[in-house]
Amino acid sequence: MPDLPRPPSDRRPPAPVPGLAARALATAAIDGVLSRGEALEEAFEGARLEPRDLGLARMIAGVSMRRYGSIGHLLEGLMAKGMPRKSGPLEAILITAAAQILFLDVPDHAAVDLAVRLARADDRAQAFSGLANAVLRKLAAEKAERLAAVPADADTPSWLMGRWRRAYGEDRAHAITAAQRTEPALDLSVKADAAGWAARLGGRVLPTGSVRLAGHGAIPALEGFGEGAWWVQDAAAALPARLLGPVAGLAVADLCAAPGGKTAQLAAAGAAVTAVDRSEVRLTRLADNLKRLGLQAEIVAADLLAWPGGTFDAVLLDAPCSATGTIRRHPDVAWAKAAHDIAALADLQRRMLAKAAGMVKPGGLLVYCTCSLEPEEGEEQVAAFLARNPAFQRVPVTAAEIGGLAEAVTPAGDLRTLPSLLPDPDPAMAGLDGFFAARLRRVG
Ligand SMILES: C[S@@+](CC[C@H](N)C(=O)[O-])C[C@H]1O[C@@H](n2cnc3c(N)ncnc32)[C@H](O)[C@@H]1O
């Protein structure tokens, strides 16, 4: 006898489990970083999730990376045999669940239950769903005491911590890693009327001129976004372009320009900007940003080292770097980089700096900057350049031109911001990215 047709309700797909999609995306993002070296943000581009779930996934993944060292330390203590081999996304499932249990306002049972579901749904992880359940329950039951025993610097890889100790001393290295534990506020560069925009958006004007907002919703929904009144730019990232001084009417090359934060500053200040970058994708973002802001620049898609170039009144080179100064905004950077990356990047920067220098007209300024905390990509790079190029002289940065941040001026006169600067009683309103910038003039 043929089967009787089932009533329609039986043919409906099972109702989605609330919150599972957000955990699945967060886990996939962390797995992408850990297993394939992908950038965390890549996982969220084009993700088809309700805005609420997308926001939650971003938050879970962000905290998972920000506290990855602490979480890894705790999981190690709970898994006597270590992470099982060939267990697929198990590690990412455990990390994201632990992040919720330890650092987010999520009921422990929900974090554990959803993690076990994710493990069961994966061919390689399902054999370990019981282990996941046991480990996470134990972590939840003992979280306060276990967390209190995690070393203070656990969230920075030891090779990087060692570098910062050598470059900045024990206390400042600690302060840097501590500053990276808190999700930073949103910084905006405004075209005009910083005080007015700070008042309208419920933020404050920093001494350096950026507007800082603590709590905020989706960026495109904020007042002023659509009309192009401001753009998102870390307060430290806004400083290097300012070192060129008044640029109205000057021909300025912005080298390695995308997505265009500094191009926007220069164009808004009245410069005729040539923005060069080799990434077509990032240049599309630059073009979109300029369009929204009602600003113009000549956009050149080219490898800087192969670009014939030209001569400019001023040149800004924001060279590709290890980005260790941006770990507070991109915590995956800390775990995606290795010590050997620094030497390779320093060599690329050396060649780019030589190329950029050749484009500066006599008497013109060259600003070299990187969002790195590593001296090889900053102070040492510029010292070596000056030793090789007597036609250039440093024009020392003064505290007055960077909002009185005297601590951010090196004895040699370069700009060196650290994430631990700009302290605030509210950690979410404190700090700025780690940037280096030197201002050089062509005198010969
Ligand atoms: C630090 S980001 C630039 C950020 C940008 N200046 C801003 O303020 O928004 C470095 C940029 O260098 C670009 N880049 C890397 N290697 C390059 C090359 N050989 N030639 C041109 N651009 C390059 C990358 O595509 C990336 O957009």
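Placement of Cβ uses the backbone N, Cα and C atoms for every residue, glycine included.
S-adenosyl-L-methionine is bound by Cys256, Ala257, Ala258, Pro259, Gly260, Gly261, Lys262, Asp318 in TrEMBL, and the record lists one more residue there from Asp277, Asp332, which is Asp277.
In sequence order, Ala275, Arg285, Leu286, Asn289, Leu290, Ala297 constitute the residues six or more apart from Gly260 (S-adenosyl-L-methionine binding site) in its chain with CB-CB distances below 8 Å. Figure note: comparing Cβ neighbours within 10 Å for the recorded positions Cys256, Cys371, the maximum is reached by Cys371.
For Ala258 (S-adenosyl-L-methionine binding site), the number of other Cβ atoms no farther than 10 Å from its own Cβ, over all displayed protein chains, is 24. Once the Cα atoms of Cys256, Ala257, Ala258, Pro259, Gly260, Gly261, Lys262, Asp277, Asp318, the listed binders of S-adenosyl-L-methionine, are compared pairwise, the greatest separation found is 13 Å. Once Cβ contacts within 10 Å are tallied over all protein chains shown, the binding-site residues Lys262, Asp318 are led by Lys262.
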